Amino acid sequence: MVSLLKKLIGSRNDRLLKQYRKLVTQINALESKTAALSDQELAAKTQEFRTRHAEGSSLDDLLPEAFAVVREAGKRVFGMRHFDVQMLGGIALHNGKIAEMRTGEGKTLMATLPVYLNAIAGRGVHVVTVNDYLARRDAEWMGRLYRFLGMSTGVVVPQQPNDEKIAAYAADITYGTNNEFGFDYLRDNMEYRVEDRRQRALAYAIVDEVDSILIDEARTPLIISGQAEDHTELYVRMNAVPPLLTRMASEPKPHEPEPEGDYWVDEKSQQVFLSERGHENAERILSQQGILPEGESLYDPRHIALMHHLMVALRANTLFFRDQQYVVQDGEVVIVDEFTGRLMVGRRWSDGLHQAVEAKEGVKIQHENQTLASITFQNYFRMYDKLSGMTGTADTEAYEFQEIYNLETVIIPTNKPMIRKDQNDQVFKTAQEKYNAILNDIRDCHERGQPVLVGTTSIENSELLSGLLKQAKLPHEVLNAKQHAREAEIVAEAGKPGHITIATNMAGRGTDIVLGGSVDKQVDLIRADESLSEAEKEARIEKVRADWKPANEQVKAAGGLRIIGTERHESRRIDNQLRGRAGRQGDPGSSRFYLSLEDPLMRIFAGDRVRGIMERLKLPEGEPIEAGMVTRSIETAQRKVEGRNFDIRKQLLEYDDVANDQRKVLYAQRNEVLEASSIRPSVEALCEGAATDLVRQHIPADSVEEQWDVPALEQALAADWQIHLSLSDMLEKESSLTDDDILERVLEAVRGVYTGKIALVGEEAWAQFERSIMLQAIDTHWREHLSALDYLRQGIHLRGYAQKNPKQEYKREAFELFSGMLDRIRDDVVRVLLTVRVQSAEQVEQAAEAEASQPHVQNVQYHHSDYDEALAGTDADAQPAQQPVRNFMPKVGRNDPCPCGSGKKYKHCHGKLA
């Protein structure tokens, strides 16, 4: 019934494309009129559009004319005319949707249409790419078109001076990576001066390779961190423990005897679990090594951090391997992106995992970090007023885009029909048989002059295959994280006749593989050769173009680009991206995946079923299964993994939404402090609130005198705020004083101290000082709060055993932590402002200038330097040094008072976090 309805009225995608084609007809009707304009008249259209928009015309009203102008500018600047399908994609992007366009269909050029249209509004457009190379390339390449039309472009990259970044964000169009946009948002919310902030309000973003950024990287939060406590020696000593423990042959099953061994590894969840025997052996080994006191348990609150160190050491030794998840380069452990195969320089695993891997590899162990600020890409990109994206493979993730980001996916038809042949998978029993078949396929293609792109899932596999090709004397290029610098060059040559290229995953996205080889790359090299005259350059360029034509015809005759996959990835989308390198713009091509029962995906998810089929068929050695049923079985396994990963990302978002709501509130308050001309009313309200709470702790409202603890109140005022107020004497002299009268006397004393300090140093200098103290208190307590949330999150799943909803419990306790943090910020600010000793206005100004000149964070791993006291002569007791977050706790009984001083029992306070 559903399929019949679709035939009658068309799918949602068909109906959208039908609407968009009506607009394309309007744009095409304007082409001849626009072509008649001079260059100056065409450029002047930008100001005309801006004026009309300011006078009330919507961007939708301007769309046909604006798109026609961009198409004409593209013809004049690049000699390239936007196809009608690119117009369809541009309309989809403007409408805040994801445009799925096949590889080679011109996504970069298509993006110029909505970018130009939305830049007319003057609020800034962000174009988000997956790496710095593409950001710079696209900013320079497409910037020529925007400059021709009178618009400015900027690019943001790591390590860029702050003034350049501010200028780049002020441009009409800003290019950059997802990481840099996210980090700049966090940096802006750590600044101490308004003029140092970089980003404007987040208006519109187009995300290139949207699936890579919004899905593959959604589980990885952006974190700015500073150094925490040094546990270097502990990581080294703990690394010696895993080899002394025995791995179980299989995971324990309910109602069955536990297999021999100390721990088992769950490859699906990427976790390691200790058995009962494993706990006992681990405690014995740690005691022998002097790490754990004799007779004590790893689950004692004092030693809970040791348990954490042991588990990360086990994970580092059993789940993380060199040349798969990471490489060792220049004495450092560098993460390899599992989706692109690129090195992720500057990224580090959290929770001590990176340090554990460094200990395993015997390289220098970097300090642990304390989170100063963090955000996930999911929450960062949802802050834009309008978001859209483009990719070659979004349809498999359309549900997630709709569910998480409220982004609809529109599949844009190709300009020319797709004629690539996707063959069924071939499944072998062993990896050796699989590699023999791959070698035979590569050799056959090489002899026929057909270029081959071989996709692998790890650096280790790419180098294994490279070794086999060397033995077979087959010339080839390897493109993995270790050859990252030559990426564009290798990909540009991958389409030459008989060329063999091995690439990890989808390294090289963003550069098309042109059949016959890339002419543009060779032309660029000739133009860059200063030893040649202009005439010689033109002659050589002419020869290159002439030589390319027969090479292109030869490759097409041989069948186009051949894609060989050596393993299936967890995600069908990554496999489709590999296939998508062939068959661009109507070119011929073919693809096939070669698999074995020893491949990780097959072993974990589909091995038993396929092995059963092979055994029933009694296939001889070296003979594969090749059937649609097997391919479908593998895709079912991939769907299971995708579903599990989607659940993980959705759960991450549900938990992060709690922190995100708190982040929004705190950053909004911080921005108010930063932007307000005077924060004196806010500070006075804080002082009044803190004083009221202090009085009510000792003298409850509407209470009788017998319930009052006046000496304790006097002591608290003197100890906390250095206010010496003899309330006992007042009560002796004025016996009729009520609790409200005492509160008023305390408030008068607090106001007197506060205004006295302002009078001493002057309004302007004091305003600078109290702003600085307020910002410092917010930053200090926010980073402590992030650590507390992290601890809470790690153990919250255990609430399920008590028949409680972990998410609801997390929300409730996170709110309590947040409320407590706001109270501590208030108390700290009031204490510093009331107890600080000042001597002169000049010293205040000098200290404020010193604070403003503090170095600002400039890297992925930040050390947010502690600011010096803003006033000379500040009493040492007025602001105690910030202590690092520590994992170790004193030994406390469950029913003892919590050592944090809250007055609660330990089990009801920090015992819950432990």
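Every residue, even glycine, has its Cβ placed from backbone N, Cα and C.
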- line: Out of D444, D512, D520, Swiss-Prot lists as part of the ATP site with Q86, G104, E105, G106, K107, T108 the residue D512
Task: For T108 (ATP binding site), list the number of other Cβ atoms lying within 10 Å of its Cβ atom.
output: 16
- prompt: Widest Cα span across the ATP binders Q86, G104, E105, G106, K107, T108, D512, in Å?
  reply: 17
- prompt: Three-state secondary structure of T108 (ATP binding site) from DSSP?
  reply: helix
- line: Across Q86, E105, listed as binding-site residues, the smallest other-CB tally within 10 A is for E105
Query: Long-range same-chain neighbours of G106 (ATP binding site), Cβ under 8 Å, sequence gap at least 6?
result: M80, H82, F83, Q86
Message: Residues other than Q86, G104, E105, G106, K107, T108, D512 within 8 Å, Cβ to Cβ centroid, of the ATP site?
response: M101, T103, L109, M110
- request: Check each residue in the chain of K107 (ATP binding site) that is at least six apart in sequence and keep those whose C-beta is under 8 Å from its C-beta; list them in sequence order.
  value: G89, A99, M101, D208, M390, T391, G392
Query: What count of other C-beta atoms do you get within 10 angstroms of the C-beta of G104 (ATP binding site), across all chains shown?
result: 21
